[in-house]
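According to Swiss-Prot, the features are:
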DOMAIN    19-230  domain 'tr-type G'
BINDING   28-35, 94-98, 148-151  GTP binding site
MOD_RES   His597  diphthamide
Amino acid sequence: MGKREEMIKEIKELMLQPERIRNMGIAAHIDHGKTTLSDNLLAGAGMISEELAGKQLVLDFDEQEQARGITINAANVSMIHEYGDQKYLVNLIDTPGHVDFGGDVTRAMRAIDGAIIVVDAVEGVMPQTETVLRQALREYVKPVLFINKVDRLIKELKLNPQQMQERFVRVITDVNRLIRKYAPAEFKNKWLVNVNDGSVAFGSAYYNWALSVPYMKKTGVSFKDIIDLTNAGDLKTLRKKAPLHVVVLDMVVRHLPNPVEAQKYRIPHLWRGEIESEIGQSMASCNPKGKMVMVVTKIIIDKHAGEVATGRVWSGTVKTGQEVHIITAKRKARIQQVGIYMGPERINMEAVPAGNIVAVTGLRDAMAGETVAEEPIEPFEALHYTSEPVVTVAIEAKNVKDLPRLIEALRQLAKEDPTLHVKIDEETGQHLLSGMGELHLEVKLVHLKEQWGVDVDVSEPIVVYRESITKQSPIVEGKSPNKHNRFYIVVEPMPDEIYQAIREGEIPEGRPKDTKVVAKKLAELGMDYEIARGIVDIYNGNMFLDNTKGLQYLNEVMDLLVDGFHQAMDEGPLAREPVMKVIVRLVDAKIHEDNVHRGPAQIYPAIRTAIHCAMMKSNPVLYEPYQKVVINVPYEYMGSVSREMNQRRGQLIDMRQEGEVMIIISEAPVAEMFGFAGAIRGATSGRALWSTEHAGFKRVPTELAINIIRQIRQRKGLNPNPPTEKDICPQQ
């Protein structure tokens, strides 16, 4: 027991010295060896036994993760590492590499300052590597590189040292190309990874060894030694000569920033408030004596403690019993327990200061991504998720008495994972659960059963489509039911550049805090500045502008108009699917002076009908979600793979050969990708390795659209025939 007590004591001392803290994550393409690396780092730091590491997958402590062998929840672990003659506290957040769990990666990036990017030496940089690296750099997280599975180059590909070096150079060049492409301007050169300074290490997470140039210089171990020991199968000596945790954690301590350094440049980027203010300065300097601010990155349900919120403390100190504001939810709460992590276990503390990763209970209203502070402050930038929910299932409780439990469970799931959308279908009484892909939903449904004991009937997965338009509408009038209010609007398609800027967070969603700044940005992207100045709201990739001149009473109904705009965007006119890439401009209005005659029951239908009618006059179209599919397959199965993709309306983007393996990159509609896993295994006798990621939305070919609209409308209990302009526009 002595050793554990000692570690807790050391962690308590180190967490008070932010210069000695490293908050870091490990990010990679699926199966490139991320969790194995995490476990062996823990073993080296004395957190779990060395024999078990790599087989145990400590960070995969959800039973489902261990069964599937992929990491689903980003978990946090603290460990101690000695470098030089100093000790350091390393907080490690494990993130999933599977594209369906991209939301977890995005949230974890908010809490960390540096990341180890893991790349498989055989497969090289893959699409998901690019996605996670882009997310890291967007959140101002500094990367270092670990090239994994080097044992495969020696054993399977039998490469000599020269060929191995060429392979490494290629991976490093690819990673640096991505850093140059995505890093913030001031870090494009500073953050490039380099073999000589030790910001690159290579090794085998599974066999627990690693090397870096500084380590080779320090110890005299050479590449030839590694090849000889691997070929001789002497793994024990190999581990002793080049221990993975020493090499990798040395790289982390030496090259990744501590919270004091990192917050100087991260806070101005991540936080929207006034940097010169007292709280802004306190966060930028990671001041433990300032007012407390933390951001929640993950919520998990603990059988004993209830909801546990994990987050990063940016300023001040989180204390037991402290009263805090949950900013976006506009609620107050009292913190009950405060703790930090050691392995998957939480150790209770009285207080945890700025710069640390903390676990707290008592924040019932907080969701992942929420800002929690001692006093009401400007919240942090909303988190940007790189994909959006594209697959929906309808679920019903098998047993009526389980219904209240099902509702509570779904509320909880949506809170733990904001990339999951839950909606109740008013007409059928079914609960609709939308997620990033088949696997994402499958995992959540197993959670429902195992954690909550609710048995559910699940429909076949349904694809979430989007509605949009292709041309500008004439001015359309929308009348309130009492005829006392009239709104005149125009809708037009949103240019791709503007849509992209919203998706990537350059233009924030929601009501802009400073309309001038947003208008300027829109003007840079080609919108007329005078029109752009009217920006009122951005919602799910659509925009609402007020281009009227000095109208009386307009301010008093603006909130209702924005709500009505949201309703119109949530369900478009064609099939009641969400709308994307539409700009709605209010150009004139006549509003009743008496507020009794302009309540929600009058304003909502007026604006909603006007928007839908204008969309029907703008050549409405349907968009469907696409996935990028990357398949690695032996040369002889290439034909089978091409046939499989062609049957699924797939388009070939790129094809290249690496050794014996063909890498085939294509894009296909999500609707055609159900059941793909079984089919591709069958077509290639199980030899294909593949991964998918969200590739945005594309227009549905006209010949297919009518049928799809019919199916969607039928499923929703509407008249199956696609509506015409007459059906939607009120007869004048």
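The backbone N, Cα and C atoms fix where each Cβ goes, glycine too.
The Cβ of His597 (diphthamide) lies under 8 Å from the Cβ of Asn482, His484, Asn485, each of which sits 6+ residues away along the same chain. Taking the domain 'tr-type G' (19-230) as a whole, pLDDT averages 78 in the prediction.
The DSSP secondary structure for Ala28 (GTP binding site) is strand.
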